[in-house]
Amino acid sequence: MRTSPLLLYFFLIFVVRVKSDPDPLQDYCIAETRNPQTIFLNGAPCINPINAAPSHFTTSALSKPGNTAANPLGFNVTLTNIRNLPGMNTLGLTMARVDIAGNGLVPPHTHPRASEVTILIKGSLLVGFVDTSNRLFTQQLREGDSFVFPKGLIHFLYNLDSKASALTISGLSSQNPGAQLASSATFTTKPSIPDDILKKAFQINGQDVSRIRKNLGG
């Protein structure tokens, strides 16, 4: 049976419009976070809408600098979530504050469930992502510039200034975007990926595998 071109058109439109997070079925669903969750949903249960207040839709979580000395790479990520911004529940978005020390690096990582757009508030950054044909897209950002990282692709942010810190604010297209560091996901798994696999994949020897694991805390 021949497929109708009109039917195919509407099917393609539907596929293009599919998002990782389901659309909300009401104006808002303020997350209930006071009681232990016994039923696990794709999101969080809602409070009674009658009890909604402006405070549920605002947060100061991104107002304070993060501690970039907490890890050797010199960066800190502060996220909004349903505890500090309960009104974001079911809306399919997350905001992030990223503080990066001088010469600090947000290492190559992916967000499996979200695209990301970031705006540089302060400093100077080199950012980039790699597509599935291993093509690298990089850009030096100055204050006020924005950059988009497509969903699921490996990307990074590097502070070009050796002394001054940098600050970005990002928006991600999922309530739970996830984050997976490429290096940690490879060398610090529990249990460990067999050495022979890592040696062959990265063309390194057993000593290299052990050294990288130790350096990454694996």
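Glycine is no exception: its Cβ is also placed from the backbone N, Cα and C atoms.
Note: TrEMBL annotation is automatic and uncurated.
The feature Mn(2+) binding site is assigned by TrEMBL to His109, His111, Glu116, His155. Residues annotated as oxalate binding site in TrEMBL: His111, Glu116. The disulfide bond annotation in TrEMBL covers Cys29-Cys46. Annotation source TrEMBL lists domain 'Cupin type-1' at 60-210. Under the heading signal peptide, TrEMBL lists 1-20.
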Chain-internal residues, separated by at least six, CB under 8 A from Cys29 (disulfide bond):
Gly43, Ala44, Cys46, Asn89, Thr90
Taking the Cβ of His111 (Mn(2+) binding site) as centre, how many other Cβ atoms lie within 10 Å?
25
Listed in sequence order, residues with CB under 8 A of His109 (Mn(2+) binding site) and six or more positions away:
Ile154, His155, Phe156, Ala179, Gln180, Leu181, Ala182
Which residues, same chain and not among His109, His111, Glu116, His155, have a CB within 8 angstroms of the centroid of the CB atoms at the recorded Mn(2+) site?
Thr110, Ala114, Phe129, Phe149, Leu153, Ile154, Pro177, Ala179
Do you know the mean pLDDT across the domain 'Cupin type-1' (60-210)?
95
Could you check the recorded positions Cys46, Glu116, His155 and say which one's CB has the most other CB atoms within 10 Å?
His155
